[in-house]
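> What follows is a structure written as structure tokens; I'll ask about it next.
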Amino acid sequence: MRRRTFLTGLGALGTATLVGCGSKSDDNGYVADPGALQVYSAQHENLTKAWVEAFTKDTGIKVQIRKGGDSSMGHQLVAEGAESPADVFLTENSPAMTLVERNKLLAPLEEATARQVPADLTPSSKAWTSIAARSTVLVYNPSKLPPTELPKSLMDLAGPEWKDRWGCAPGGADFQAIVAGMLAGQGEQKTKDWLKGLKTNARALQNNIATMKSVNAGEIPCGVIYHYYWYRDQAGTKEGSGNTKLHYFRNQDPGAFVSLSGGAVLAGAKKPDEARKFLQYITSKAGQQVLVDSKSMEYAVGVGVPSAPALPPLATLQAPPVDPFTLSSDQVTTLMTDAGIL
Amino acid sequence: MPAFSETVVRYDEPLADAPAVTGRRSARAPLVVVIGAVLVAALVVAPLFVVFGQALSAGSAEASRLLFRPRTAELLRNTLLLVALTVPLTVFLGCGAAWLVERTTLPGAGVWRALLLMPLAIPAFVSSYAWTSVLPSVQGLGGAVFITTLAYYPFVFLPVAALLRALDQDHLDSARSLGSSGWDAVRRVVLPQLRPAVAGGSLLVALHLLAEFGVLQMMRYPTFTTSILQQFAVGFSNAAGSLLAAVLALLCLGFLTVEVLFRGKTRIARLGPGTGRRPVAHRLGAWTVPTVAGLAVLVGLAVAVPGAIVVRWLARAVSTSAIDAGPLLAATGSSVGLAVLAGLVTTVAALPGAWLLHRYPSRAAIGLERVTYVSSALPGVVIGLALVTLAVQWARPVYQTAALAVAAYAILFLPRAMVSWRSGLAAAPTELIEASRSLGVSGFGTFVRVVLPLVLPSALTGFVLTFLATVTELTATLLLAPTGTETLATAFWSASDELDYVASAPYAAGMIALSVPLTVLLRRQILDQR
């Protein structure tokens, strides 16, 4: 008897679900909302959400976010081609954007939008715009690595004296952007050798946060991450960074690489006007202020918008001059695969 | 075993030992069943074709460069080592616990039965996340074996306990009366009958290990699957990832062959007059206390510790009012909806193949069944990518809809439903169907009136196993869920990826809360064997 009751309930539940699926169109539904702007976003969820909420409040335009990783989402857009449901693409780093650009899937950037970001923070191709920036840093634990012993260059970490003494998250797009920057600035052979050193020397961790926490716990003396994970943790509980400090390489070293997050309108966008408005908004002063207020601790790139006061100004980081348009994700993947890292 | 030829009938080769039933079995299978089974198999195999196609697209020179490199050997070694250590451990724990619960005077056996199944309710990646949060040294191979053994032993425990419970004491007694010693009788009567259950359970464990991602990623133990995911992250569906997936599929084929060889062909359903007798329980006596302590440690490590840690995070989330009810409810709704759909679709899809195999066993039918396993050993992301590729090219309307996600779940979890149907159908012996047919009932009528009532508990088990797996499925869901849909698993994963224990707690608790009642229901699978 009990089983029959259960089965009846199950049947009813199943039917309800099926019916529900057919008619759902609200935010938590099982189908994309055809009335909403479709944003494919590899950017951090909190920042994307903050932008979307402010934009919808301003314009009344509904937005749906599809989450993914930089590289996989870039390739997904390529696989989907002109038929993609996406209207806007936001990345954390630029190589994935370049991938989509090279497949001729981006709509030309509007002049008005381009003007909102300084020219040195945009690609020479002008097919997309940067929407935020992040700097490479070395996070270190002074009790395991005295400041006097800090490496002068990121390239030093491939040397035998650094065996088992540093960590990074080589599987992530963040790190691969750093390698892409190295490839553009130092050439293929130096990058290959460095990756060989990485394979022998470094501990591969899940992501930037895991790397920072490992350094904080003293498991490894130092690690390569992006700056904002550390500043976020410092602004919060300091649970994952209390025992650590940041080392900026500067001097146009590959370790001073500044990665640009990209934003673009897809050529096949179903809602091109709304998409352009969205991109225009997030690079505007108001949109960039949303970034600063979101506590994401990424650098604002909008003209005349100062980043969070805790951060050393972008101009003081002495980043190596790299045209983000030249950064290639595929070549980096091949090099890392050959080095046995991926 | 000549002494038991009356009751032990060859299962896959009816002609050899059971002439009485050859008439019906050699009949042609109904066309609709055959078509159904072939269609399901075709759907299941389609992703494999995509994977192999993509792997071959690299060209042979590029393929061998990608394949024959030290990294591949490293991944192969890691993967095989994990399987070689974990499978025997799960067999030992699963069989040992099943024997204690079903065949001894263990106090509170009913409670233990439920508790021992409880790891099924705690997603393995939640458990590993919980363990590493308090014991960062749970890492690497040791950590991976530790976590997966504790999470997967119920896959052996469940079928073995069900079988031990259903064992007929008469068989043992006959053996004893024919001069076998106690242990000899067990060896000659019980163990052969356990073989299919142990083999099936081990196979499930092994296939799970091949496809496991969350646990191994957190343990920093690279296997084929974690590496495929990494390749996916950098290249979506590139040749390198597909090549690794193809190797994984071949590994899976290897395991399937081993399982067929090991399983044997023992028939389980009782033949002959009279009813079975409940087995006699072994007296634990002085061993009672150590046994209970041992089981308590097992349940403690597998359930209590991760459970307590999740509760602690949850308490902190509540006290800091960090729980946002809206997204949590939405994620729960999506999880339940997708899991119910997946459970129904998968259970129904598994029936034609299982029916064919049971009633009209042939090489072709066995082939169809085996085919369903291969895809299930691939990581969800591989199936997901293949379906994306297929949908983008051939089936645009279902792209980014729940239908595609449910199709992926059905492909991934079909073996669970298949195994369940098979044990159910084994409990509905052909003779009953013969009798029904001989009384003039149609084939369909017989199915509804005779077979269905007998197999329904097993069908329910298949549904529950699929439901549980869907709730905790991660990688295919990330890829295939419609835009805007977040499940408990994906929400937990994003929070855990940021190592935010408090934010992840409500989603972990949600998955556990959904799974516990269903796990208790699985107990019926054991109880209903009688």
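Just so it is clear, glycine is given a Cβ too, placed from its N, Cα and C backbone atoms.
Pasting the relevant annotations from TrEMBL:
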TRANSMEM  B:31-55  transmembrane segment
TRANSMEM  B:75-100  transmembrane segment
DOMAIN    B:76-262  domain 'ABC transmembrane type-1'
TRANSMEM  B:112-131  transmembrane segment
TRANSMEM  B:143-167  transmembrane segment
TRANSMEM  B:197-219  transmembrane segment
TRANSMEM  B:239-263  transmembrane segment
TRANSMEM  B:284-315  transmembrane segment
DOMAIN    B:332-524  domain 'ABC transmembrane type-1'
TRANSMEM  B:335-358  transmembrane segment
TRANSMEM  B:370-392  transmembrane segment
TRANSMEM  B:398-415  transmembrane segment
TRANSMEM  B:459-481  transmembrane segment
TRANSMEM  B:501-522  transmembrane segment
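Each of these features: where is it, how hidden is it, and who are its neighbours?
Tertiary proximity for the transmembrane segment (B:75-100) is limited to same-chain residues at least six positions away from its ends with a CB under 8 Å from its CB atoms, namely 106, 112, 116, 141, 144-145, 148-149, 152-158, 160-161, 164, 194, 198, 201-202, 205-206, 209-210, 216, 221-225, 227, 244, 247, 251, 255, 284, 291, 295, 298.
Nonlocal intrachain contacts for the transmembrane segment (B:112-131), taken as residues 6+ away from its ends with a CB within less than 8 angstroms of a stretch CB, comprise 97, 100-101, 106, 138, 143, 146-148, 150-154, 157-158, 161, 212-215, 217-219, 295, 298-299, 302-303, 305-307, 309-310, 468, 471-472, 474, 489, 492-493, 496, 504, 508, 511-512, 515-516, 518-520, 522-523, 526.
Same-chain neighbours of the transmembrane segment (B:143-167): 82, 85-86, 89-91, 93-95, 97-99, 101-103, 113, 116-117, 119-120, 122, 124, 127-128, 131-132, 137, 190, 193-194, 197-198, 200-202, 204-205, 208-209, 212, 215-216, 219, 221, 268, 276, 279, 298, 301-302, 419, 423, 522, 525-527, 529-530, counting only residues six or more beyond its ends whose CB sits under 8 Å from a CB of the stretch.
Here the transmembrane segment (B:197-219) has Cβ contacts under 8 Å with residues 79, 82-83, 86-87, 90-91, 94-95, 123-125, 127-129, 132, 138-140, 143-144, 147-148, 151-153, 155-160, 162-163, 225-226, 229, 248, 251-252, 255-256, 259, 262-264, 373, 376-381, 412, 415-416, 419, 474-475, 493, 496 of the same chain, all six or more residues outside its ends.
Long-range contacts of the transmembrane segment (B:284-315) within the same chain: residues 93, 97, 100, 104-107, 112, 115-116, 118-119, 122, 126-127, 130-131, 133-134, 150-151, 153, 501-502, 504-506, 508-509, 512, each at least 6 residues beyond the stretch ends and with a Cβ under 8 Å from a Cβ of the stretch.
Packing against the transmembrane segment (B:370-392) from elsewhere in the chain are residues 40-41, 44-48, 50-51, 54, 203, 207, 210-211, 213, 225, 228-229, 232, 236-237, 241-242, 245, 248-249, 251-253, 255-256, 260, 350, 353, 398-399, 404, 407-408, 411-415, 418, 473-480: each is 6 or more residues past its ends and has a CB under 8 Å from a CB in it.
Within the chain, the transmembrane segment (B:501-522) has long-range Cβ neighbours (under 8 A, six or more residues past its boundaries) at 114, 117-118, 120-123, 126, 129-130, 133, 158, 307, 310-311, 313-314, 316-317, 320, 322-323, 328, 331-332, 335-336, 339, 460-461, 464-465, 467-468, 471-472, 488-489, 491-492, 495.
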> For the transmembrane segment (B:239-263), name the stretch out of B:31-55, B:335-358, B:398-415, B:459-481 with the most CB-CB pairs under 8 Å.
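Answer, by Cβ pair count: B:31-55.
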> Looking only at residues six or more beyond either end of the transmembrane segment (B:459-481), which have a C-beta under 8 A from one in the stretch?
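Residues 120-121, 123-125, 213-214, 229, 334-336, 338-340, 342-344, 346-347, 350-351, 379-381, 383-385, 387-388, 400, 402, 404-405, 408-409, 412-413, 416-421, 424, 487-490, 493, 511, 514-515, 518-519, 521-522, 524-525 contact the transmembrane segment (B:459-481) from elsewhere in the chain.
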